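To start, the structure under review is shown below, and the notes come after it.
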Amino acid sequence: MQFDDFYATINPFGRYQKAKYFLICLTYMFPPIMVYTWSFTAATPSFECLPSTDDMRHNSIPSESQCRQYKSQLSVSECQQCFRWSNTSDEPMRTCTNFAFSRTYYQSTLVEEWVMVCDRTSLKSFVQIVFFFGYMVGSLVFGILSDKFGRRPIMGVSFVVITLAAFMCALAPNRKLGFEISYAFFVLGRFLLACATRGVALTGFVIGAEIVGPKQRLFTGIVIEYFFAGGELILLALAYLIRTWRLLNIALAILSIPFLFFYLILPESPRWLLSKGHYDHAERILRRIASQNKRHFDPDAYERLVVGERKRKLSGPHVAHGLWSIFRSKVMIIIGINMSFQWFVQNLVFYGVSQNTGRWLSNPYVAFAAGALVEIVAYFIVHLVLDRWGRKLTFCGFVFFFGIIAYLVVPIQMFMVKDGQAQVVVMFVINVILKFLASGSYAIIYIYANELFPTQGRNTCMGVCSMVARFGAIIGTLSNDLLARAWIHFPIVFFGTTSLIAVAFATICPETANRPLPQTSEDVELVGLTWPCRQSKSSTHNGINGHAYGDEDAMLKEQLNKNGII
């Protein structure tokens, strides 16, 4: 007997699962709040150079020709904001040292506090690089720890670290400490915040998928994304009401305190407990589930499940867990590398596009709200079609159309009147569609990868994918800064190109819709891969074991029967 067969007897989505899943969804609102806080606390308001009282000669704004001649690596607007020219001498332009910041949308930001503009913008970029590095470290470390020690304790530890790091970010910047010490503590706080955020996001997503049955995995995988977008809207409301960076950080740090008690009410995954051999603990949880769902717990059926799990563990010469589970077979290696690349591309695209939403409209709060609402619509559409079309086809469709539509930017810029009303409207529509497609594929890749990896190493493998994905986020961020200097729409074309490459590799992976979650790497090996270039005329050949792809479930059960597992 397999776990999903037994789980169906006690109701895989009854009162117990619904209550626990709702709590998990609440925790999933917290990561976006902490991640996107930077968009408001470190926003760069409009600014201008103030006249210098020390040298009144260097107070003229350089002309466009002077900027192109002496500061060709900068845009004209940036040159005129950051440098001043002398009308009475041949001395070169001087860097502005005193600035006036606009109060239209923000009362104070960290950019103003530490003057992170012009030649000091690298200070702001460094914080983001360290933050994404923390994402990488947290994804790997918390993923491994979650597979080793359990989902529940790692989520508990993650919330403790988040609370401490949030208060560090709120209180560390202090003029009495000096810039160097304040900056160092703040960067450390952002690093810890990123690490712990991944612990909550990855572990919460995995628990949500593991406490329900196969038919509910789509529901749990998508609905939790609604709460993610809801967290963005909560942040937006707080940022709109609190316009100073320090008070906003303090408010968010206080908001994290109630989540410290979630450890007492969050569940451990019975699926993980069985995979680790904690059969007594798993039985207690499963009996509690049956009781709250008002179902009968069959001890004989559970005993058969335990016997099957023990035989499964003894069926091979050794059992690899965690990170090593992906190296047990060629199929697992290919899936692991492929999913890591897919996550890399999706983070490159999602963060690259999302960080440009501020350019849609002049008001940053309205632009942020528009981006969040587009995400919600994308998740809703994915929810409607993902079971009908399957994970693989839907994912490939979203990514493929993103690549195609991204290339439409080129003819729009070539053949339409530059900055004309028609071009502005068309580009706004293109940006909204790209945000929609990037959000949809970003949500699907979580569900798809979660269903491809086995329970014995699921969190670790997801952590590795998420770690690799952070390189995509960093490159996406740098692309918006560096490639845009060559051509403002160059990043979009770059994102489209990588998306089309990703589609080609995504076709290798098998479909996972409505299939049992694999417990071990052997389960993944039995399902195999799909190779379009090697398919038979009937287009149903599997390419690994020569079985019909449409009969994979029957093949899996047949093989498990032969091994005495069921």
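Here the Cβ of each residue, glycine as well, is placed from N, Cα and C on the backbone.
Look at TrEMBL and you will find 25-514 tagged as domain 'Major facilitator superfamily (MFS) profile'.
Residues 127-128, 131, 155, 159, 162, 166, 190, 193-194, 197-198, 200-201, 204-205, 207-208, 211-212, 220, 223-224, 226-232, 234-235, 239, 248-249, 252, 255-256, 259, 262, 265-266, 368 of the same chain lie 6+ residues outside the transmembrane segment (21-38) yet bring a C-beta within less than 8 angstroms of a C-beta in it. According to TrEMBL, the transmembrane segment annotation covers 21-38 (among others).
Among the features that TrEMBL reports, transmembrane segment is placed at 126-145 (among others).
Beyond the ends of the transmembrane segment (154-173), by six or more residues, the same chain brings 27, 30, 34, 110, 113-114, 142, 145-146, 182-183, 185-186, 188-190, 192-193, 195-197, 199-200, 203-204, 207, 246, 249-250, 252-253, 256-257, 259-260, 262-263, 266 to within a C-beta distance below 8 angstroms of the stretch. Positions annotated as transmembrane segment by TrEMBL: 154-173 (among others).
Residues or ranges marked as transmembrane segment in TrEMBL: 185-206 (among others).
Sequence annotations record features per position, and here TrEMBL assigns transmembrane segment to 218-241 (among others).
Counting same-chain residues at least six beyond the ends of the transmembrane segment (247-266), those with a Cβ under 8 angstroms from any Cβ of the stretch are 20, 23-24, 26-27, 30, 33-34, 37, 40-41, 152-153, 155-156, 159-160, 162-163, 166-167, 169-171, 207, 235, 238-239. Feature annotation from TrEMBL assigns transmembrane segment to 247-266 (among others).
According to TrEMBL, the feature transmembrane segment maps to 331-353 (among others). For the transmembrane segment (331-353), the list of distant contacts is 325, 399, 402, 431, 434-435, 438-439, 441-442, 445, 448-449, 452-453, 461, 464-466, 468-473, 475-477, 479-480, 491-492, 495, 498-499, 501-502, 505-506, 508-509, 521, 524-525, 527-529, 544: same-chain residues at least six beyond its ends, Cβ to Cβ under 8 Å.
Per TrEMBL, the feature transmembrane segment maps to 365-386 (among others).
A Cβ distance under 8 Å defines the sequence-distant neighbours of the transmembrane segment (393-412), meaning residues of its chain 6+ beyond its ends; these are 345-346, 349, 382, 385-386, 423, 426-427, 430, 433-434, 437-438, 440-441, 444-445, 448, 489, 492-493, 495-497, 499-500, 502-503, 506-507, 511. Sequence annotations record features per position, and here TrEMBL assigns transmembrane segment to 393-412 (among others).
Under 8 Å from some Cβ of the transmembrane segment (424-449) lie the Cβ atoms of residues 205, 209, 217-218, 221-222, 225, 339, 342-343, 346-347, 349-350, 353-354, 356-357, 359-360, 370-371, 374-375, 377-379, 381-382, 386, 391-392, 394-395, 398-399, 401-402, 405-406, 408-409, 412, 416, 461-462, 465, 492, 495, 509, 512, all in the same chain and six or more residues away from its ends. What TrEMBL lists as transmembrane segment is 424-449 (among others).
Taken from TrEMBL, the feature transmembrane segment covers 461-480 (among others).
Here the transmembrane segment (486-509) has long-range neighbours at 334-335, 338-339, 341-342, 345-346, 348-349, 352-353, 356, 392, 395-396, 399-400, 402-407, 409-410, 413, 434, 448, 452, 476, 479-480, 529-532, meaning same-chain residues at least 6 beyond its ends whose C-beta is under 8 angstroms from one of its own. Positions annotated as transmembrane segment by TrEMBL: 486-509 (among others).
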* Structure fact -> Across 126-145, 185-206, 218-241, 461-480, the most C-beta pairs under 8 Å with the transmembrane segment (365-386) come from 218-241
* Integer average pLDDT (0 to 100) for the domain 'Major facilitator superfamily (MFS) profile' (25-514) -> 85
* Residue list, the transmembrane segment (126-145) vs rest of chain: Cβ under 8 Å, 6 or more residues beyond ends. => 38, 42, 154, 158, 186-187, 190-199, 202-203, 322-323, 459-471, 473-474, 477
